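Visitor: Copied straight from Swiss-Prot:
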- 139-212: coiled coil (COILED)
- 275-418: coiled coil (COILED)
- 456-630: coiled coil (COILED)
- Lys133: SUMO2 cross-link (CROSSLNK)
- Ser69: phosphoserine (MOD_RES)
- Thr87: phosphothreonine (MOD_RES)
- Ser90: phosphoserine (MOD_RES)
- Ser101: phosphoserine (MOD_RES)
- Ser104: phosphoserine (MOD_RES)
- Thr105: phosphothreonine (MOD_RES)
- Ser110: phosphoserine (MOD_RES)
- Ser124: phosphoserine (MOD_RES)
- Ser134: phosphoserine (MOD_RES)
- Thr226: phosphothreonine (MOD_RES)
- Ser256: phosphoserine (MOD_RES)
- Ser627: phosphoserine (MOD_RES)
- 27-46: region 'Disordered' (REGION)
- 387-410: region 'Disordered' (REGION)
- 632-680: region 'Disordered' (REGION)
Amino acid sequence: MKDRSSTPPLHVHVDENTPVHVHIKKLPKPSATSSQKSHKRGMKGDTVNVRRSVRVKTKVPWMPPGKSSARPVGCKWENPPHCLEITPPSSEKLVSVMRLSDLSTEDDDSGHCKMNRYDKKIDSLMNAVGCLKSEVKMQKGERQMAKRFLEERKEELEEVAHELAETEHENTVLRHNIERMKEEKDFTILQKKHLQQEKECLMSKLVEAEMDGAAAAKQVMALKDTIGKLKTEKQMTCTDINTLTRQKELLLQKLSTFGETNRTLRDLLREQHCKEDSERLMEQQGALLKRLAEADSEKARLLLLLRDKDKEVEELLQEIQCEKAQAKTASELSKSMESMRGHLQAQLRSKEAENSRLCMQIKNLERSGNQHKAEVEAIMEQLKELKQKGDRDKESLKKAIRAQKERAEKSEEYAEQLHVQLADKDLYVAEALSTLESWRSRYNQVVKDKGDLELEIIVLNDRVTDLVNQQQTLEEKMREDRDSLVERLHRQTAEYSAFKLENERLKASFAPMEDKLNQAHLEVQQLKASVKNYEGMIDNYKSQVMKTRLEADEVAAQLERCDKENKILKDEMNKEIEAARRQFQSQLADLQQLPDILKITEAKLAECQDQLQGYERKNIDLTAIISDLRSRETGGDQCPEYRVPTGDCQEGGGNPPVPAAARGENTGMWDPGKAVGERH
């Protein structure tokens, strides 16, 4: 505080509408003429401090405790007899004191209301996300329970499938046994007929042999009688010898015929047994070949079924992969929509904040324009007053004219700055329009994406319905197959029981034939060696058939597993599609509010453009006023001295200010360290 006088600081308490005019003595050092001082603005009642746009590094003057200072840039022209002080308005705030009545809180309230609405929307969205997460957790738990239940059902189905396979195996064995029994039955019927014929033939041969035996026995009896007679008579005549020789010849003849018939009978029996054995072997061979052909056809049919099932499994796997890819794309689209919504909300908030800031700046510019007009009016009034006092202050008027010229130059510079600011505002408005166009394009893109997503959802729903219908048809087919298998099983068990009873009856009827079969077993053993080879081949074919059946059972189990997995995947897809649909509906509900917000922002931008045009017109008016002032300043010595007011009001009511030349003292710049106008 070296440049100040030793006088203590002055505190002045005045009313709000009282004008204040302060004159300070000239500083002793000439270097102080180029220094810049700051005005102190009180912040009491309905007044607030306004931020300055230009800051100059100067020494801080003494301030009373508990107060803050604001440093506007001021210009001062000083000469030993006179001093003129001009404080140009800043580029952002053109008033030294701004009242609370000049500020409107409607935009702030609307901005706060919008922010509160967006916060509420965000809270509701977060709550919805939390609810969705809890639902997802519950669905996961339900899925785990369903998986456990399905695994239990799967085990039960595997057991049932194993039992069905065993029953099918038993059914096949029973079927083969029944076919064998039928074949044996047919064979026994034919054998009975053949045996009946052979029996008749044998009976005729046996009758012939008995007749030959009876004739031979008669001949032997006759021979015994003749021999007995000869023993009793002990004399043999020629007739006796002839009869004896004749009977001997007849006996030999009868014995030879009996031997021939016996031999032929044995040959017939042997041929009959050989025929029976060969026929039995041929029938067994035919049955084996028939079984082999049936096994080959069954194997081919199972291979075709396996190929068809493999194709169906591949198609189902491809469909599952396609559904997974579609679900993945749907989840990615939902994530991108979430990020786009957050980005749009952030942009809307930033644009609303920027719009509110622009509105405040525009209002401040309006206030500064009004203040400038008031200053110009005050200057004009002072010019009128100074014209009356021009005779006494000619010399000070010349200096004032110079200062006015410099001030006019400063005002021109300020007008140029305003032009630059207006150009910047135009650029900002153009940028805002471009951002609006980009928002419109984004909104159109979002609407287009919404339509695409709706189409995809419709396609997915159709696909899911088709898959559900296919699943229902497959389930119905499997149910029908199971019912038919159960019916066949019951029918075959009934047939098996009937065949068993018939077999027992046939066994009882075949008891007399077992003796003959025992005789044939000796000859059958010779053929067992050849039969073993066929049995080995049959075992190989049986093992192959068993392998094919096991493979078919495995394929059936795999198909059942695939069906179950398809059911699970379909359920999951339905749940994910419902969740994605809900998310898309919520997002669409949020996005439907964007056109209203965009319309509001467009209306605000249009108002800003209108206000900017009004400011341009005001700027033109101000330039016209400045040109008029210049033309008046060219009048030279005819214009009196005038001074710019330092505040909103001047001290002393309506009395005109006393010129410095009349008082006989030098004027200085208004120093808040020596005289302060405070409002409490």
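Cβ atoms here come from the backbone N, Cα and C positions, even for glycine.
Could you place these features in context, so I can see how deep they sit and what lies close by?
Guide: DSSP assigns Lys133 (SUMO2 cross-link) to a helix in the three-state reduction. Within its own chain, Lys133 (SUMO2 cross-link) has no residue 6 or more apart in sequence whose C-beta sits under 8 angstroms from its own.
In the three-state DSSP reading, Ser124 (phosphoserine) counts as helix. For Ser124 (phosphoserine), applying a Cβ distance below 8 Å and a minimum sequence separation of six or more within one chain yields no residues.
Ser134 (phosphoserine): 10 other CB atoms within 10 A of its CB, across all protein chains.
The Cβ of Thr226 (phosphothreonine) has 16 other Cβ atoms within 10 Å, all protein chains considered.
The Cβ of Ser256 (phosphoserine) lies under 8 Å from the Cβ of no residue that sits 6+ residues away along the same chain. Under DSSP, Ser256 (phosphoserine) is assigned to a helix (H, G or I) in the three-state scheme.
According to DSSP, Ser627 (phosphoserine) is assigned to a helical segment. Taking the Cβ of Ser627 (phosphoserine) as reference, no residue of its chain lies under 8 Å away while being at least six apart in sequence.
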Visitor: Where does Thr226 (phosphothreonine) sit by DSSP, helix, strand or coil?
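Guide: Its secondary structure by DSSP: helix.
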Visitor: Roughly how many Å separate the Cα of Thr226 (phosphothreonine) from that of Ser134 (phosphoserine), to the nearest whole number?
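Guide: Distance (Cα to Cα, whole Å): 129 Å.
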